[in-house]
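Trainee: Can you read through this structure? Questions will come right after.
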Amino acid sequence: MAHLWTLLSAGLLLMSVAEPLSSPQENDNKLVKHTVFTKSQTQVNESALRNVSEPTPSHTPTTSAPLTTTTSPNSSLAPQCPGNQLMHESSNVCICPSIMVKDGDNCSCPKGFTLEGAAECKDVDECEGERPGPCDLHASCINNPGSYSCSCLRGYLMGSDGCQDVDECALAAVTGLQACQGEAECKNTPGSFTCSCHEGYVMATNGRGCVDVDECSFEELCRRELGNVCVNTPGSFSCQCQLGFRAETAACVDVDECIESPVACDGRSVCENTLGSYECVCRPGYRGNGTHCEDENECVSGGHTCDANARCGNIIGSYFCQCYQGFNGDGHSCFDIDECVVNNGRCEHNCTNEPGSYSCQCASGYQLDPDRHSCTDVDECVALNGTCEHICINTQGSFHCSCRPGYQLHIDGHTCVDIDECKLQNGCCSHTCTNSPGGHTCHCPPPLLLDIDNLNCRNATSCKLRNGGCDHMCTVRAEGHVQCSCQAGWQLDEDARSCVDVNECEDFTNGGCEQLCVNHPGGFNCTCKEGYIVRKDDPTKCQPVCDPPCQNYGVCVAPNICDCPPGYPGVGCSAMCSPPCAHGGTCMRWNECLCLRGWTGAGCHTAVCEFPCANGGRCVGPDTCQCPSDYTGPQCLLPLCTPACQNGGRCVDVNKCTCVGGWQGARCQIEPVVCQKPCINGGVCVGLNRCRCTKGFTGELCEQAVTTPCVPPCQHGGTCSPHNTCTCPEGTAGLRCERLTCPVVTTVVSMARGVRKAFRESYVDRCGPFGVQLCTKYRINQARVYLQAYRVGYKIQCPQGKST
């Protein structure tokens, strides 16, 4: 088999496979040529491949003359061909039909065909079956008549060892045609190639070229939010940093000026680095701009640890704490003094101790006097008449109720019950008695009238007696009888004496009212529906009401609806700003106000305070704060004490007074207590012969200097900690380490010979409160030795200072 390869200009590889078609005798020079084309992944430069040899022309098989089988009339005399050969019609020569070849006396099919029947050759499909078949792994098989051909897959070329990978990157270097474009780097892969970009570039949309990345489009580079500038360069970028930064590793890094260069900070401040700069920060206890620091008043700024019941005093660079009157302690922790212990706090009735003070309360029925100690009887009758229905009578510490004539007191002691006089002798009436609350009324049957004694009845012969019994007007007739008549708007009732109201609103005219008619005794009024009022010029007519009223010649045509002239579209025909600008503001454009100083907002309704209102205060006018009830001052910074501090005391916090001159109590209302022996070393007399000592002194008269800040001192080796507390060593407990405790594990000490069995930790007894040994496992006899598990002579030994 001959193989011929030709590399064509289009990047196609031509492979010719020639195979013999017949036996050497007849078909030595007859060839069947099979051609396969395989296109490489990368185009090949035609001029670079012109020297590759052209394919050698192959022979084309010829077609034999037609074969004919002739049967003579005398078949026995006709020549016979051996095997399966046939007689040629014209030459009477025995030949093989079609493409069959002689094989001795028989005809057989050439390679690539198989015999079917007696004289027919069928093509063999060599490509049938699983890949890759007879071809290489990287080739596809193509069946041809009598043969097959192999076509290399894309990216491969036929070689001596089959289909071999085409190195498109190397081929491009030879031909000058780049597989990848620009700065892209080519990398060969089996059957193909890939293009990749260097750092700072990204792949273009065609997958072969590279595009520069604009790193400056990312916000996090160079800290541009701080004013630094990012400059893009091919494949990279650079940073142009502001003062206070320096470029490091393509970034702007803050310069720590506090380390790299001296700074002019005040001696009372420290240097702190910031982004792009630095700042001087005042040390604790000072405040200012760092360049200049002044003492901070921790008592004002709130940077202190004084107890809520202590006064804070400022000193340079620090502060001190002092408990208020009525408290005792070191200022950081203050304890209340019970003033009620001495002389009931001078209260007339009851004394109640309170934090830092005390208060007097009176028994029921009494109220506390202004001196806050004495009690005065409460006149219960002043408030709500003592809950009495009629008459309240005050008594000392109480009260009682009584009733007006005609009533009697109910069993509840407060309510008054009406007495029915008609049940007692008919109320002394000559005819009919009618009971009423607190009294009764006598009535007479017509035509009798009640006499002036309001008890007896007699005939009416003149208008002098109770107007002749008429409601309105009385007239005496000539025959000695009276006649009653009524005023306008009234009509005489059936009894000919009483006058009843005429309802003018019931007729069809509605009393002549346009909208609503309201009847009243003896007349009527015209009223209007909601949104209307009665006209002044005609009380029977109604006119609409507009709120706010129509201005600028506008007309109210319906409730709250104005027919406004042009240029006044606001509510009530107001100007362009609706609602109008408040507090002297000027309407500039549609609903846009120019406010005077001290006011802001859409309608100039919001007040502006240059210094904000503190402690919950509310800005209600230009630089005007409305303070809560417990603060005052322009910015609500000054606390209030209610009631006010007395006897020269000063309000230092809300409802906290600092007293002077020995006065005590929440409002400095308690008179100074004189100690028989004066307190020394700055001590203050706070009770009957009781001194409150300053820090560093103790004793009845503050005469003893304190060697430890803890009062009373720590016991059993305890260490005094800040705020008058003790840190206790192991084996002690309590506020002053005054209580001893036993260790958990005790020790068995031998008093005689060897122990019967080992002492286990699980058998150890626990110590109870105050060092008392509670034995739960074993009993201890009078000699305090174990009777079980250990011989007599063994006891439990506690550490020094403890006992079992």
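Including glycine, each Cβ sits where the backbone N, Cα and C put it.
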Trainee: Please name the cysteine among Cys573, Cys577 that TrEMBL pairs with Cys587 through a disulfide bond.
Mentor: Cys577
Trainee: Consult TrEMBL and report which candidate among Cys659, Cys685 shares a disulfide bond with Cys675.
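Mentor: Answer per TrEMBL: Cys685.
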Trainee: If you pull up TrEMBL, which of Cys546, Cys564 shows a disulphide to Cys556?
Mentor: Cys546
Trainee: With reference to TrEMBL, specify which of the listed residues Cys595, Cys609, Cys613 is paired with Cys604 by a disulfide.
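Mentor: In TrEMBL, Cys604 forms its recorded disulfide with Cys595.
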Trainee: Scan Cys710, Cys728 and flag the one TrEMBL records as disulfide-linked to Cys720.
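Mentor: TrEMBL says the disulfide from Cys720 goes to Cys710.
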Trainee: By CA distance, which of the disulfide-bonded residues (Cys641, Cys651, Cys668, Cys675, Cys710) lies nearest to Cys702 (disulfide bond)?
Mentor: Cys675
Trainee: Does the domain 'EGF-like' (637-669) reach the domain 'EGF-like' (336-376), going by 3 or more CB pairs under 8 Å (6 or more apart in sequence)?
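Mentor: Contact criterion met.
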Trainee: Of all the disulfide-bonded residues here, Cys239, Cys556, Cys564, Cys651, Cys710, which one's CB has the most other CB atoms within 10 A?
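Mentor: Most Cβ neighbours within 10 Å: Cys239.
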Trainee: Where does Cys737 (disulfide bond) sit by DSSP, helix, strand or coil?
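Mentor: It is coil.
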Trainee: What's the number of neighbouring CB atoms sitting within 10 A of the CB on Cys573 (disulfide bond)?
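Mentor: Counting Cβ neighbours of Cys573 (disulfide bond) within 10 Å gives 23.
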Trainee: Near the domain 'EGF-like' (336-376), which residues from the same chain, at least 6 beyond its ends, have a CB less than 8 A from one of its CBs?
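Mentor: Residues packing against the domain 'EGF-like' (336-376) from afar: 309, 324-328, 396-398, 664-667, 669-670, 686-688.
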Trainee: Please tell me which one of the disulfide-bonded residues listed here (Cys587, Cys604, Cys675, Cys720) sits closest to Cys239 (disulfide bond), measuring Cα to Cα?
Mentor: Cys604
Trainee: From the Cα of Cys685 (disulfide bond) across to the Cα of Cys693 (disulfide bond), what is the distance in angstrom?
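Mentor: Pair distance, Cα basis, whole Å: 9 Å.
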Trainee: How many helix, strand and coil residues does the domain 'EGF-like' (212-251) contain under DSSP?
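Mentor: Here the numbers are 9 helix, 14 strand, 17 coil.
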Trainee: Is it possible to get the count of other C-beta atoms within 10 angstroms of the C-beta of Cys685 (disulfide bond)?
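Mentor: The answer is 20 other Cβ atoms.
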